[in-house]
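The next block holds one structure in the form of structure tokens; read it before the comments.
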Amino acid sequence: MKKTLVVGTGNLGKLREMEAYLSDSGWELTPKPPDLDVDETGTTFAENACLKAVKVAKYTSQWAIADDSGLSVDWLNGAPGVYSARYGNTDGERIGRLLRELGNTENRRAEFICAIAVANPQGEIIFQSEGSCEGEILYEVRGEGGFGYDPIFYVPEKKLTFAQMSPELKKSISHRGHALRQFPSCLELTNFPLPGL
């Protein structure tokens, strides 16, 4: 029987990706309660992932996994960074703002970063990982798939944006894919020693 792992997100795109990435992990993923909000007050992706995992675990008294991820653009000194989801009210607004801020600059190097944290039902962080994917920001949207900044995040080695990639290809190279590949199986995680013990 699979154990329940509550996902600390209201973002359906993130939830679907996590379900795909962890389909063979021995966990059954379920979304966090819709009335539970977590203030992302951390200054790093890892801090925010931990805040969300702890709050969701304590609220539900179940194992919880949380992800905090975003886009770090060289020309913008790492912005939008931890504020990636708050750069506008919709994906379109966020993309529009980023493209306006970049203007016609030629330095469009960027990196997607994803931090994962898992908390046990007592709200103790048991596992953390981080993954990244380097690319560049296009001048316009390309592709129909994915979510968030995917239509403007271009991976030169693949000659595609995240939004143009098949789910399998994106899973193999994305920041979230890299972070979740480090995720232990259900049995390994439930037997994880507490940090510092």
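Cβ atoms here come from the backbone N, Cα and C positions, even for glycine.
Not measured: the values here are computed from a predicted model.
Annotation note: Asp68 (active site, proton acceptor) sits in a strand segment as assigned by DSSP. Summarising the annotation, TrEMBL assigns active site, proton acceptor to Asp68.
Taken from TrEMBL, the feature substrate binding site applies to Thr9, Gly10, Asn11, Leu12, Gly13, Lys14, Ser69, Phe147, Gly148, Tyr149, Asp150, Lys170, His175, Arg176. Within 10 Å of the C-beta of Ser69 (substrate binding site) we count 26 further C-beta atoms, all protein chains included.
Among the features that TrEMBL reports, Mg(2+) binding site is placed at Asp39, Asp68. Asp39 (Mg(2+) binding site) falls within neither a helix nor a strand when secondary structure is assigned with DSSP, and so counts as coil.
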Cβ-Cβ distance under 8 Å to Asp150 (substrate binding site), same chain, at least six residues away: Gly143, Thr161, Phe162, Ala163
Pairwise Cα distance for His175 (substrate binding site)/Asp68 (active site, proton acceptor) [Å, integer]: 11
Site of maximum Cβ density within 10 Å, from binding-site residues Thr9, Asn11: Thr9
Entry from the binding-site residues list Gly13, Gly148 having the most other CB atoms no farther than 10 A: Gly148
